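Remarks on the structure that follows.
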Amino acid sequence: MLLHKIHLLIRTYSTATSSSVQWRNHVKENQLISQITSILLQRHNWIPLLQNLNLSSKLTPSLLLKIVTKTQKSPHICLRFFSWARTNLGFKPDLKFQCTVIRIAAGSGLIQSVRPTLDSLIQDHPASLVVETMIQVCDKGRDSQFDDLSFLIEGYSHKGLFLESLEVYKKMRVHGCTISVRAYNALLDCLQRGSEIRLAWCFYGAMVRDEVMPDRSTWSLLAQILYRNGKIEKIARLLDLGIYNSIMYSLVIDYCSKSGDFGAAFDSLNEMSERKLDPGFATHSSILDGACKFGNDKVLERVMGEMMEKKLLPNSPLSEYDSIIQKLSDLGKTYGADMFFNKACDEKIVLQGATYGCMLRALSKAGRVKEAIGSYRMISEMGFTVKGGSYHAFANVLCIEDPPDEACELLMDIIRKGISPCASDLSKFLTSQCNKRKWRDVEELLDVILEKGLLPDSLSCCSLMMHYCGTRRIDKAIALHNKIEKLHCSLDVTTYNVFLDGLFRGRRVEDAIKVFGYMKELKMVNGSSFIAMIRGLCRIKKLRKAMKIHDEMLKLGLKPAKATYKRLISAFKP
């Protein structure tokens, strides 16, 4: 009884002591928060004062969050403190903390100051989680905080992540958040840039249902979508209704010039001037490009005259060929760029390497493969080194469905320069060459690809492996697999099984055992794999090893059909 009372007394004292310690810690934390908050809000030069407090061991994420919340009415100070804490205290904020800081920045028009933090969230977390957390940290009593969530849609849209942007939009709608016209435009632009035209029209329908009033940017985006659909007459109808801007007129002029309707193009150009819209170099260059494409010298002379009159072109382009060709190439006006390039060559003007690079990229993007190849050969012959983007564009156009005969040779040359073409396009090219049974080209290109550590899809590797096994070129097959294994890649199970059978037929037993081990590591085995190994080992009288693999097959539940199994085990009989 006495012991019980003593234990009860000790427990009561311990509880009271613990509560007292917690209370004192709570008071100390509040005092520290108050002290730091006061220093931040009342002192301009607060960094030395905070350094003297030796905060590294004192500040926890929860305390930092309270300080940020208490100083949010002075957002510049709040955000500066957040940045200082990350840099000097080694503080690593969690998702909720980052969302709180971004919300404060956005609500104060300072979103650019936390752009790296926002980019990190977009990259590291699912869109649904980011928007849900952002809504949680918002003050639901303040509508402006919900307006600020529009920047999330803009953030995802500017990175071309249209599916994530749509997910954020949907979540915001469900929670009753206000969405700005700018955010709607950002997502609409993301969809049209990604060639998601049907989805863009669906989203515009949602804008109409949401009763969003379009602004000038919206009309420009709609005109670009109509242009992609070839609905120029609808853009013209908008212009007739008094809904116009420079972009809309430029699209109409570009379409008319590409189709050779220069009368309509000049009419639209004059209409722009009448409406006080000053057409610039890009607009005029559409007509110039069309005139070069169709060989219309009369139109070319007229448009160049107007461009010189408006100082868009120099009266004597002798010293400015590089600038003109580069500008036209950047705008995708390849026929106009060609014309000035030929003029420069005729006049013995030495052009810059950058000019050749711009032309190579423009010709490649325009799908003018023959001309792009000529440009690439000139670059190589003259010893120029151009930007990687030009080589990438050229490599990708060589991987089209009907590539030219020299495509394989050119791709190998590009890859040896250290350029990595689009993996999916390269794989499609290899597959098309396999289908055409151009095995030598595939072999040479695949060697270069694997040597550079690039990873094509397994389909092309499987096709070449099947070819080697079918023609009993086992040494080639082994060499190919060694390269694949070095890059930690694999073939499909069917190809592996054919490879195993080919190794046994070539009496490469040790190689077969090694390959089978690699297959098991990758979990790329099936019943046929075990059958190939057992039959191969039995054929060369390695019965003990065959029996071991047989037992492993049964243990894994891969026993074949009765008739197959009966034939298989018959090989074990002496």
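For all residues, glycine too, the Cβ spot is worked out from N, Cα and C.
Those TrEMBL annotations? Automatic predictions, nothing curated.
Under the heading repeat 'PPR', TrEMBL lists 180-214, 245-279, 352-386, 492-522, 526-560.
Residues in the repeat 'PPR' (492-522) partition by DSSP class (helix H, G, I; strand E, B; coil) as 26 helix, 0 strand, 5 coil. Under DSSP, the residues of the repeat 'PPR' (352-386) split into helix, strand and coil as follows: 27 helix, 0 strand, 8 coil. The repeat 'PPR' (245-279): residue composition by secondary structure is 26 helix, 0 strand, 9 coil, according to DSSP. For the repeat 'PPR' (352-386), the model's average pLDDT works out to 93.
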